[in-house]
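Asker: This structure is in structure tokens; I'll ask about it shortly.
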């Protein structure tokens, strides 16, 4: 007979052990320990208690005096609470209500019954509301519950309901200075306008006169630059705390200075003007459907993957370039409908502020430009080359954000349009485009540190070469493509490869390339499923999105492609299609206050 061993596993063993203990418990057989709590006697099996509870396992297996006792006194918990916990250890079910959960949680924590503690926490989180929030939070704090994720869910509820909670006396009594400071410091507290947060802080201070001494500290965690001047004058300066707090007066003065210095706002990187937002939104500034201008609404790809619309500047403008400066969006040039009913190159510049969902008209460029490129370096926005209906030029000018003024700088080496520009490591890279002779592979980089004097420069200043430097050419000549910087490299997508001047026909370029500035080398990556031009690009969740454009099957697109740089793969249908098919769109990632998005949602 063979000596091979085969193992058979019972499918009912675990259940039979549990049911066996339950049967012994119900029949009061082999019970070997009595637990005495508040004059109540609970009989049980040591073996079962030790398998269910770390507390009892140590008690009955370690060198403790209770190990050999058959009667054990337990203090610090209630008989009612322990009765539920003991039943849970035998039967695996736990009956919870708001009347009993405190005693049950106390007992479960006492005997270190982790699963019962988790059930109590889940119950409390499911039942939490405005009326019992303070009670629930105090309860969990009193027992120092350390269940993973509980504090995060509590904080999420509080941040979501901060303003209505601060109208409740019980919550005002509960909320400590330390917790208030932490919540006011959070970017997740984005559902409410800042003035409502200020009014909530006033309620907390007024709840207890002894809290007034904390006013200076608390107001430093409010962001007064996110309010409006009317908020400041009507609700802040009229309060008793404005007279009481020197720090509050200082914060107000700084906010009023911020409001007054309109041009400098995009460069003011302070906590007071930073939007309360955790995740950026993908914003699409709309362009054209074919040769027809569309309205100037902004499309927002909001989570969970829903398109919303925001109003844009009320002009018949198709911007060609978009520059982002510290979460302000500048739309520049492009084409606009003239009084003659024809489209003309535009010199107009608009600034969008998502803090207040507001637009400003800024100083026009020195010359109208379409099909040009821009880049932001320091306090300047550079506009490079481009064309009008009648002329292609090489002139380069820069916009001084503080002075709201344009000036010419060293021009691009050749006349060009249809190129693309992106800033990387403080330098402006220009790729591709159309010169007088052909579609280009050329790559030039502009280094402002080597720039000549801008004094007396005009659109026709002779070419200098000290600040423009040629880099390795792309593998493919292209124009009307898109380029974006990501993880220290430049990625180029699509465009037009060849323009046949005799017939004005074009050939699409589905290729993707990446440039490494450290090696000055271009590498070909996976091609797009179908070539396109006039599309938009943005980075979202470590992936690069390609939106809309003119595909080379002859159709305009409303689709979104996503490219994973790490896997070098394209995906389709990761995101919903745009509400309409667009060409010439400008795309970016912007942070919006949640209350602005909530208003958009209600209006959509």
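Cβ coordinates come from backbone N, Cα and C, glycine included.
Sharing the features that Swiss-Prot gives for it:
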{"type": "DOMAIN", "residues": "31-98", "note": "domain 'BTB'"}
{"type": "DOMAIN", "residues": "133-237", "note": "domain 'BACK'"}
{"type": "REPEAT", "residues": "328-379", "note": "repeat 'Kelch 1'"}
{"type": "REPEAT", "residues": "381-426", "note": "repeat 'Kelch 2'"}
{"type": "REPEAT", "residues": "428-473", "note": "repeat 'Kelch 3'"}
{"type": "REPEAT", "residues": "489-542", "note": "repeat 'Kelch 4'"}
{"type": "REPEAT", "residues": "544-592", "note": "repeat 'Kelch 5'"}
Asker: So how many of the residues in the repeat 'Kelch 4' (489-542) end up helix, strand or coil by DSSP?
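Answerer: Helix (H, G, I), strand (E, B), coil: 0 helix, 31 strand, 23 coil.
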Asker: Using DSSP, tally how many residues of the repeat 'Kelch 5' (544-592) sit in helix, strand and coil.
Answerer: 0 helix, 22 strand, 27 coil
Asker: Looking at the repeat 'Kelch 3' (428-473) alone, can you tell me the average pLDDT?
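Answerer: Summarising the repeat 'Kelch 3' (428-473) by its mean pLDDT gives 78.
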Asker: If you run through the domain 'BTB' (31-98) with DSSP, how many residues end up as helix, strand and coil?
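Answerer: Secondary-structure breakdown of the domain 'BTB' (31-98): 32 helix, 13 strand, 23 coil.
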Asker: What counts of helix, strand and coil residues does DSSP assign across the repeat 'Kelch 1' (328-379)?
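Answerer: Going through the repeat 'Kelch 1' (328-379) residue by residue, I get 0 helix, 29 strand, 23 coil.
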